[in-house]
Amino acid sequence: FEYDLKKIIALSTLSQLGMMMFSISLGLYELAFFHLLTHALFKALLFLCAGVLIHGAGNTQDIRSFGGLSLNFPLVTVCMNLANLSLCGVPFLAGFYSKDLIVELACQYSWGIFVLLMMFICLSLTVLYSVRLTYLSFVGSYGGG
């Protein structure tokens with residue numbers, strides 16, 4: 001359970017790198033590069049929003065002390081939620097087009113149930129930490145700090 005905003009965003013890159021390596025292992029080099037490009041775009045937006053939040057919250061990176069920032073930063077809230085939703089692979093956002101194609105093609109290959117189960121667990125964890133980050137930053141109560 002990490003509470004440093006920048007570390008959470010940076011560590012989320014590891015799961016996306018795993019998706020890229022997984023697509024490379026399937027022989028889908030162009031798809032891995034496409035996912036790298038889309039990931040770079042919404043990850044850059046996440047870091048820009050994080051910078052605004054850190055500056056606006058008195059130079060603290062601890063998300064436990066954020067809480068309720070959606071009232072003070074409505075545009076940042078919308079941008080960060082869009083980037084998080086794209087990270088999760090929500091349809092019609094940038095991350096969906098590359099991540100869904102990787103998942104779809106992985107399901108077509110005969111890899112075995114264990115590999116597919118691990119892939120879906122990793123995808124679920126991405127959604128969980130994105131929801132946690134959004135909740136603690138924008139929805140939860142102010143923790144002071």
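Positions of Cβ are set from backbone N, Cα and C atoms, glycine also.
Here is what TrEMBL says about this protein:
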- 2-120: domain 'NADH:quinone oxidoreductase/Mrp antiporter transmembrane' (DOMAIN)
- 7-26: transmembrane segment (TRANSMEM)
- 32-54: transmembrane segment (TRANSMEM)
- 75-97: transmembrane segment (TRANSMEM)
- 109-131: transmembrane segment (TRANSMEM)
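The DSSP breakdown of the domain 'NADH:quinone oxidoreductase/Mrp antiporter transmembrane' (2-120) into helical (H, G, I), extended (E, B) and coil residues amounts to 90 helix, 2 strand, 27 coil. Within the chain carrying the transmembrane segment (109-131), a Cβ under 8 angstroms from the stretch's Cβ atoms is held by residues 8, 12, 15-16, 18-19, 22, 26, 84-85, 87-89, 99, 103, all 6 or more beyond its ends.
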